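Okay, so here's the structure we're looking at.
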Amino acid sequence: MGIKGLTKLLADNAPKAMKEQKFESYFGRKIAIDASMSIYQFLIVVGRTGMETLTNEAGEVTSHLQGMFNRTIRLLEAGIKPVYVFDGKPPDMKKEELAKRFSKREDATNDLKEAVEAGDKDAVEKLSKRTVKVTAQHNDDCKRLLRLMGVPVVEAPSEAEAECAALCKNDKVFAVASEDMDSLTFGAPRFLRHLMDPSSKKIPVMEFDVAKVLEELELTMDQFIDLCILCGCDYCDSIKGIGGQTALKLIRQHGSIESILENLNKDRYQIPEDWPYQEARRLFKEPNVTLDVPELKWTPPDEEGLISFLVKDNGFNEDRVTKAIEKIKSAKNKSSQGRLESFFKPVATTSAPLKRKETSDKTSKAAAANKKTKAGGKKK
């Protein structure tokens, strides 16, 4: 679920903290990617028609492999250096949310059977997507694929979003990419949405800057975490009747959930019984993450390994895979060359060129005015 309604809340109240970027603008950047979220998107979108999905000869789904392979190549061709982060064991506080998701999938599965029997194609299309679940096998398949491609894989001890945020805070990567907004709540300095969008449409990447988010909302990081808990997160229920705008107003007015609870109209708002908001806050502030991450390395692809895994084991077209491997090799050479050039060339700050240009403009205008004065207004 992520943080309920946070994107709209930020668009309405902190628009300067968000900006659209071209995919290619992240050339040379290391990006930590929430792998499970990406796999889920691929399973829903790639090669799906109604209930039918891409499979190998054994009938095993391969949509996740097709999506991960193609998207990663596109990232590499754009000069982006992806790091895929996989979920570990979820926190105990997430069990209730996971149970809700399981129940929803069960309901969708039952509704899907009825839709199939009724021949309702639209309902089948919609409900089949709701039954999708990322399995351990899907994760293992993608880890193997990425390692064969020479792309680093990080296995988080717990939440992938928290691990991604930690990598970003420790300057191991430039930004975090996911569709769930949790990474901002975990304190990722830069967060990207739509980087991994699997649709054919070229959707711009939306970049969020957490420092600007706090500045625009006029909140501290602790207050922002409390705001996210009030909006609704994966770790506990929220207070019914309090949406994003009301939550923001209350946090600005009272400063913390404790103070809000002391002043809240109990007749109007029902506070969840034994509400574990403090534990949720602790999970956002002190998540279980890897303290000493090994050096992230991008290596040449294992050509034989890729052909064996994709072509022999999963029925991919050998000619296409061979061409894709050449793309990977070419992209990695291009990305490496770009890094070397940026290393040897001095990079000016963003403000410096603007100041120089402004000075240059003023000088030009002054020279033009001086020339006009000397000309004495003579007509030609």
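In case you wondered, yes, glycine gets a Cβ from its N, Cα and C as well.
The structure displayed is predicted, hence computed values, not measured ones.
Residues annotated as region 'N-domain' in Swiss-Prot: 1-105.
For Asp34, Asp87, Glu159, Glu161, the entry in Swiss-Prot reads Mg(2+) 1 binding site. In the three-state DSSP scheme, Asp34 (Mg(2+) 1 binding site) is classed as strand. Cβ neighbour count for Asp34 (Mg(2+) 1 binding site) (all protein chains, 10 Å cutoff from its Cβ): 26.
Asp234 (DNA binding site) has a Cβ environment of 23 other Cβ atoms inside 10 Å. What Swiss-Prot records for Arg71, Glu159, Gly232, Asp234 is DNA binding site.
Swiss-Prot lists 123-254 with the feature region 'I-domain'.
Taken residue by residue with DSSP, Asp234 (DNA binding site) is part of neither helix nor strand, so it is coil. Swiss-Prot lists Asp180, Asp182, Asp234 with the feature Mg(2+) 2 binding site, giving sequence analysis as the kind of evidence.
The region 'Interaction with PCNA' annotation in Swiss-Prot covers 336-344.
As annotated by Swiss-Prot, region 'Disordered' applies to 351-380.
Taken from Swiss-Prot, the feature compositional bias 'Basic residues' covers 371-380.
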Distance from Glu159 (Mg(2+) 1 binding site) back to Asp234 (DNA binding site), taken between C-alpha atoms, in Å: 11
Site of maximum Cβ density within 10 Å, from binding-site residues Arg71, Asp87, Glu161, Asp180, Gly232: Glu161
Cβ neighbour count within 10 Å of Asp182 (Mg(2+) 2 binding site): 27
Distance [Cα-Cα, Å, rounded] between Glu159 (Mg(2+) 1 binding site) and Asp182 (Mg(2+) 2 binding site): 10
